Amino acid sequence: LFGGIYPFYPQQRKAAAFDISTTTVIVVFLALACSFLLIAPGIRGRARLYWTLRVLLSLFVGVVIVVVQFTGDWETGWVQANTSYKSFSPVQVSADIGLHIGLAGVNVTLRGNPVTQINETIDYNEHFPWSFGADYERSYSQGLHKGLPSPILYVAEKLSRQSPCAVHRQYRIAAHYASAMLWAAFCTWIISNILFSMPVLVYGGYMLLVTGAFMIFSLLSFSTVRNSPMCLIQIGSRTLHTAYGGSFWLMLAIGLLCLVVGMTIVAMHHLNLDLLKTFFDLREDKAEEYQEMPEVFINPPLGNKGL
């Protein structure tokens, strides 16, 4: 031992603290938000409040559309049970087993209760990808070779291609189409922001409606998996049940928000266009609109006396 560490052996796998892709996306959108806040004091009058509200709300919608592509809590479930820790061993441990399903794959979490038991730290978070281009079976085989705890391998095997549950293909296809719908929503979100910067606000509202529709379609695509019967995941004497997670409900809220804002903009275009232009800072001054000349200066020596 060297300071409590085995120098020539791989260390125990730790639970993931954060996802790199999610953190990168959040940092990029935070940088955009901070950049706008730095220039916001240069906007005069009430338009500063309108600009701040529009930009921050738009950035929040954009970051949610991208971040949920990488999150793993579209569907989640937890169970606390006494279960065997290793194969071919009668020793049992008390642990919390979690299942976190996302668009890119599934995370299986095993956390001891307490964390330290049988002279080991029981704290695992293993990812098994099923997106197109990824090999779920290979990840599962690597888990077998590494000797992962039995509860993790058991839950991962239930979602594998060879499992009698037969849900692997349904989850994979549903997640693929939900991801495609979200990328389409991200494109229409960009187009709507471009249209809002021009005097064609009603078309920006239409594109915001399309953005919300794509979000709702992604939720419908993912929810089709719930129509098929899910086999029981029995761990000890307890059963692991799953339900829609935070990413699903957040996407539902943002999709409904886009639909409401889009319908409001379209309605305001037909009912009160001046108020809508004022909110988007596109209303022109009356003097500039009618090309009025407030004062006329005439040089008397050169001017016509008849004038």
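Here the Cβ of each residue, glycine as well, is placed from N, Cα and C on the backbone.
The annotation transmembrane segment is assigned in TrEMBL to 20-39 (among others).
Sequence annotations record features per position, and here TrEMBL assigns transmembrane segment to 51-71 (among others).
Among the features that TrEMBL reports, transmembrane segment is placed at 91-110 (among others).
Marked as transmembrane segment by TrEMBL: 177-196 (among others).
Summarising the annotation, TrEMBL assigns transmembrane segment to 202-222 (among others).
Distant neighbours of the transmembrane segment (243-268): 61, 64-65, 68, 71, 73-77, 100-102, 182, 201-202, 204-209, 211-213, 215-216, 218-219, 222-223, 275-276; these residues of the same chain sit at least 6 beyond its ends, with a Cβ under 8 Å from one of its Cβ atoms. Annotation comment: TrEMBL describes 243-268 (among others) as transmembrane segment.
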Could you pull out which residues elsewhere in the chain have a CB under 8 Å from any CB of the transmembrane segment (20-39), counting only those six or more residues past its ends?
51-52, 55-56, 59, 62-63, 66-67, 70-71
